[in-house]
There are 2 protein chains.
Amino acid sequence: MKVAVLGCGSVGSQVVRLLGEQADDLAARVGAPVELAGVAVRRLDAAREVDVPTELLTTDAAALVARDDIDLVIEVIGGIEPARSLILGAPEGGASVVTANKALLAEDGPTLFEAAEKAGRDLYYEAAVAGAIPILRPLRESLAGDKVTRVLGIVNGTTNFILDKMDTSGAGFADALEEAQALGYAEADPTADVEGFDAAAKAAILASLAFHSRVTAADVHREGIADVTAGDVRSARDMGSVVKLLAIAELRTGADGEEAVSVRVHPAMIPRSHPLASVREAYNAVFVESEAAGQLMFYGPGAGGSPTASAVLGDLVTVARNHRQGTRGMGESAYADRAVLPMGETLTRYHVAIDVADRAGVLAAVAQAFAEHGVSIQTVRQEGRGDDAQLVVVSHEATDAALAATVEQLRNMEIVREVTSVMRVEGTEE
Amino acid sequence: MKVAVLGCGSVGSQVVRLLGEQADDLAARVGAPVELAGVAVRRLDAAREVDVPTELLTTDAAALVARDDIDLVIEVIGGIEPARSLILGAPEGGASVVTANKALLAEDGPTLFEAAEKAGRDLYYEAAVAGAIPILRPLRESLAGDKVTRVLGIVNGTTNFILDKMDTSGAGFADALEEAQALGYAEADPTADVEGFDAAAKAAILASLAFHSRVTAADVHREGIADVTAGDVRSARDMGSVVKLLAIAELRTGADGEEAVSVRVHPAMIPRSHPLASVREAYNAVFVESEAAGQLMFYGPGAGGSPTASAVLGDLVTVARNHRQGTRGMGESAYADRAVLPMGETLTRYHVAIDVADRAGVLAAVAQAFAEHGVSIQTVRQEGRGDDAQLVVVSHEATDAALAATVEQLRNMEIVREVTSVMRVEGTEE
């Protein structure tokens, strides 16, 4: 089994290290030796975390992929190009692929799956979602006899670190981001994490697998955490909740009565008793609900060179076993072909905190605004504060459009001084 | 794909129900229809949770297994015989097997694996450990490129319910057991759960897979929870810990310098900050440590007809896919062939609470007893109580034999009134 590794950054170098250190175990588990046949890098003379024999290094990734003797290409470059061309080239040349490239899979997964299937080769990507946590294989295989109804994931370590910091220290977003950057949990340009792009790519991959449908990053409703305030976090705390950035994929009945996929990334309040609430710092976890199994959770490190390399090598062993048997894994299935529900039609719950004039009739007026949009209120908490009062309303489930329209109307009411916090509520029973 | 189900109790009836309800999805995921071809029961006229067409029922399980047209036998009878003979008969007749039978696998797994391998058929058993939680497949496949170093599991819901009740209410063991029985979490004869036999079978299965070695139930050092007192639970609480019945499988270096498997089931104190500490009621969770991936946890319902059936059907889909491709899964691997470390040589930590006479020199004498056996003390807490004082000692790691000998010596010391609590400590760094 000859392996080419494309990219020798934090993940690639750990893959190379483990291929060496675990060589005997890998050979025993596969049933044949696994040989590192080449490593494609951008610069031959760059500093690397591991020593790679010079004769294995090349800057010509395409030529490495095209070599006749390569059985497996491990792509850990990331990004769209040249990764896509290289991944498409591998099965043409007879090689299977293991990749950690969530952005590419979420943008153009079906093209990759089709190329692999057409050539009778494997394409595995456990490392693309939640690092070392085995979640794609359980969704695809362990739960293959069950009906998954909901996936709630904390799949971005950077934003979880920032929100956890805001929760424990009371800091605002900017200070918590600065600390995350100082500690290496956030990049200098934190956009991909903070604005939810990374989580949205993972949400698309999770939704595709869970619901046997094609869901791309463009289908995912996305809101980041840059607007989460210390007040939001305090407000969550007051109601026994915590703010998390969630990747949510669930089956919902659309306006046409058909089951559709709701897939979104946004900050939400979840009760502190929920298993996801105790996921601290940069850890990841994915919570899965299915009809027969009930509630499952998968927890672990969601990033890092070594954990991600563990997931890559797990896929390598599977591909190598398939290769030896002359078979391939099942490939992707999109047979259910479910539609993606527009965010406006998705049922959600809102937590809304409002500063109002403290006078008679205010609560009635606010309640009336909710009622006009057909939104039922679950709880209201009122606190007098000098001249003002604060109302905290938690709604029952309603369409996101109706809830958004309600908040818009509240903002325009004369008795409302300010809508201080609007956030969705997840992880509770209706 | 023709399926025979052996046993139609709480799991079997849910398997039959899901085979019907999910028929379209199963067919799409497998690529061919999955047909229920027969159900073996003890009595044709027994009351059942699901309606099974009369013509599918038989009391002759052996004849059903021997039928030429059966591709897959699902064994959910449990126990050693006739389950073993039936499982051994299936591959001879050309059928693969999915089973939830932990007791049989832990007693005689290798015989079953060899029979399946010889016949070129599959044997899958995800449902045997921790119900619906996907843990065996992640251990066997997702972590196949990594080196697992430790598995800590809460794998018995009954004992977790009892210990959780003792922790939250302060109840003693007998009262908590009674409540568990009243609520249906414990059986009238609770021996298999309370004495750790069930957990020990699961520990053997986990250890075999994690360490690629043959470990049977007889290799597992087993202590149940019947001797856990309200005082132990209080003592754990005082040090910020909680008592859990843990199934532990870890790699340890033996006296000969070779890596060996330590596998055991016993109650232990773990810190409340440990992810396993928040596993409440009858839930299960398995915590896995590996060199590259770090710390992972898998959480969910560990028992129940419907969750267990979900795991069975996940295996069914895998076996059916293999069947269609004319291949089989990798089978068991025991290539590492590691020895099992005797409990006496296993490194553990002890928490020991001692009622002593409150006079000068007592602490020195107690410390001396630990020192004589080469046991290093991590912390001592001393509390005066009238004439007596209580010492709570937590040791560093030492061999279990040295720790047991230390406690034995303490019990015989004149200044020691009573050793009130002895319990191992897990889930902390040394």
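The backbone N, Cα and C atoms fix where each Cβ goes, and this holds for glycine too.
The following features are taken from TrEMBL:
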type	residues	note
ACT_SITE	A:K202	active site, proton donor
BINDING	A:L6, A:G7, A:C8, A:G9, A:S10, A:V11, A:G12, A:S13	NADP(+) binding site
BINDING	A:K102	NADPH binding site
BINDING	A:E187	L-homoserine binding site
DOMAIN	A:351-424	domain 'ACT'
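Shown here: features listed in TrEMBL, placed on the structure.
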{"residue": "A:L6", "record": "NADP(+) binding site", "contacts (Cβ under 8 Å, 6+ apart)": "A:G12, A:V39, A:A40, A:A61, A:L64, A:V65, A:V73, A:I74, A:E75, A:V76, A:I77, A:A83, A:L86"}
{"residue": "A:G7", "record": "NADP(+) binding site", "contacts (Cβ under 8 Å, 6+ apart)": "A:A40, A:V41, A:E75, A:V76, A:I77, A:G78"}
{"residue": "A:C8", "record": "NADP(+) binding site", "contacts (Cβ under 8 Å, 6+ apart)": "A:V16, A:V39, A:A40, A:V41, A:A46, A:R48, A:V50, A:V52"}
{"residue": "A:G9", "record": "NADP(+) binding site", "contacts (Cβ under 8 Å, 6+ apart)": "A:V76, A:G305"}
{"residue": "A:V11", "record": "NADP(+) binding site", "contacts (Cβ under 8 Å, 6+ apart)": "A:V76, A:A100, A:A127, A:G305, A:T308, A:A309, A:V312"}
{"residue": "A:S13", "record": "NADP(+) binding site", "contacts (Cβ under 8 Å, 6+ apart)": "A:R48, A:E49, A:V50, A:G305"}
{"residue": "A:K102", "record": "NADPH binding site", "contacts (Cβ under 8 Å, 6+ apart)": "A:Y125, A:A128, A:V129, A:D198, A:A201, A:K202, A:I205"}
{"residue": "A:E187", "record": "L-homoserine binding site", "contacts (Cβ under 8 Å, 6+ apart)": "A:T158, A:Q181, A:D193"}
Same chain, not part of A:L6, A:G7, A:C8, A:G9, A:S10, A:V11, A:G12, A:S13: whose C-beta falls within 8 angstroms of the C-beta centre of the NADP(+) site? Give them in sequence order.
A:V5, A:Q14, A:V15, A:V16, A:V76, A:I77, A:G305
Close in space, distant in sequence - A:S10 (NADP(+) binding site), Cβ under 8 Å, 6 or more apart:
A:E49, A:G304, A:G305, A:T308
Using DSSP, break the domain 'ACT' (A:351-424) down into helix, strand and coil residues and give each count.
23 helix, 35 strand, 16 coil
Within 10 angstroms of the C-beta of the residue listed as 'active site, proton donor', what count of other C-beta atoms is obtained when all protein chains are considered?
28
Would you mind giving the whole-number mean pLDDT across the domain 'ACT' (A:351-424)?
92
For the residue listed as 'L-homoserine binding site', what is the secondary structure by DSSP, using just helix, strand and coil?
coil
Specify the secondary structure state of the residue listed as 'active site, proton donor' as given by DSSP, simplified to three classes.
helix
